[in-house]
Amino acid sequence: MNMLIVGRVVASVGGSGLQTLCFVIGCTMVGERSRPLVISILSCAFAVAAIVGPIIGGAFTTHVTWRWCFYINLPIGGLAIIMFLLTYKAENKGILQQIKDAIGTISSFTFSKFRHQVNFKRLMNGIIFKFDFFGFALCSAGLVLFLLGLTFGGNKYSWNSGQVIAYLVLGVLLFIFSLVYDFFLFDKFNPEPDNISYRPLLLRRLVAKPAIIIINMVTFLLCTGYNGQMIYSVQFFQLIFASSAWKAGLHLIPIVITNVIAAIASGVITKKLGLVKPLLIFGGVLGVIGAGLMTLMTNTSTKSTQIGVLLLPGFSLGFALQASLMSAQLQITKDRPEAAMDFIEVTAFNTFMKSLGTTLGGVLSTTVFSASFHNKVSRAHLEPYEGKTVDDMILYRLQNYDGSHSTIGNILSDSIKNVFWMDLGFYALGFLFCSFSSNKKLIIPKKDETPEDNLEDK
């Protein structure tokens, strides 16, 4: 188990960095007007991967072994590396020239040169200030402790236990201190204020900008609700109908289809008409309606209902997420010397909020489900389930399946419905923030004008 945890941590670090860099590289390769299409294409890739991954993983788990869920990453990751090296030319150099330069650098390296040429004080300053080591450590530790508190609360420990309270309080305090450090202390300790590469993890000039805060809150809230829906849509079919992991994952196909359609449509509309906020609001409205419809999904729902209610969440995220990233990038002042760095920072912050919402959505959904399920089982006085943890109850249910309309089937259905109600709340808040987002849009040049990247306030 320890090896599994360490492996997942390493994979998560790489995966989160890949997503951010894909958007940064993709968006910088084209002009601003073509950027919506690039964002749409990348979003489609991530949306398909996010759904196809669980389906393939479920098939491996059901028919082979769960270890293949990890083995399959080796050829896929290797192919991705080869494609990247052969196609991306950061310095307009071919892959062979880059390899020759790297070999030349390594062959000419000696420890004596390193010892005399490298100033270790400057090296430490680079680690601390270029990578914002302290801000990153405080932020990461705070978020991890807070999420652990939500995970353990009501499951391994009671909510009023010292362990859970300590996790939650320390997590919040560390996260707040990371903001204080980045916003107010970083510049005071910075030994090279004029060095543009010495920047905090969260730059106050950008992060504290109301338009950027609002649009990233949209991303955070919608991703929180969406991931809760995705996780417990699969759990709905596994726990209530005893579907295998593979068959339960197949029910997510409607979301893939609608998400891809909406993402492509969003990119085309933004490129042709320059619209951003209308797409945000449209996506927010679809999200609220879709989340409301998902609360109608119970153990007595028909097959058509189970498929139909999963369509709108895909449409919602397809329209809203692309527009939110585009809106965040439009807030950059392009005539500043740091505009290129600001662009990377804003894109990375938007991706961070997306990842944070996805993570928190999974944890909060599990917390709501576990608390609801445990309380309902306790009130029902079901003898086989008394005195068991939620995980043990679920295991017993799967080993002693008694149908979807049994007492425990009804309890599971009601508990999952509570998760969907929570998701509806996040979508409603997301729609509220959509309404207050920036009105900036892309300017579409007239036919007799030279296309230029520009902004316009409406």
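Backbone N, Cα and C atoms are what each Cβ position is placed from, and that goes for glycine too.
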Please check, using only what Swiss-Prot records about topology, whether M3 lies on the same side of the membrane as K247. yes
If you check Swiss-Prot for N-linked glycosylation site, which of N195, N299 comes up? N195
Tally of residues which DSSP labels helix, strand or coil - the topological domain 'Cytoplasmic' (58-67): 6 helix, 0 strand, 4 coil
Local confidence of the topological domain 'Cytoplasmic' (58-67) - pLDDT mean: 80
Beyond the flanks of the transmembrane segment (10-30) by at least 6 residues, Cβ under 8 Å: 37-39, 41-42, 46, 73, 88, 325, 329, 343-344, 347-348, 351-352, 355
Through the lens of DSSP with three states only, how would you label N195 (N-linked glycosylation site)? coil
Compile a sequence-ordered list of residues in the same chain as N195 (N-linked glycosylation site), six or more apart from it, whose Cβ lies below 8 A from its Cβ; state 'none' when nothing qualifies. F129
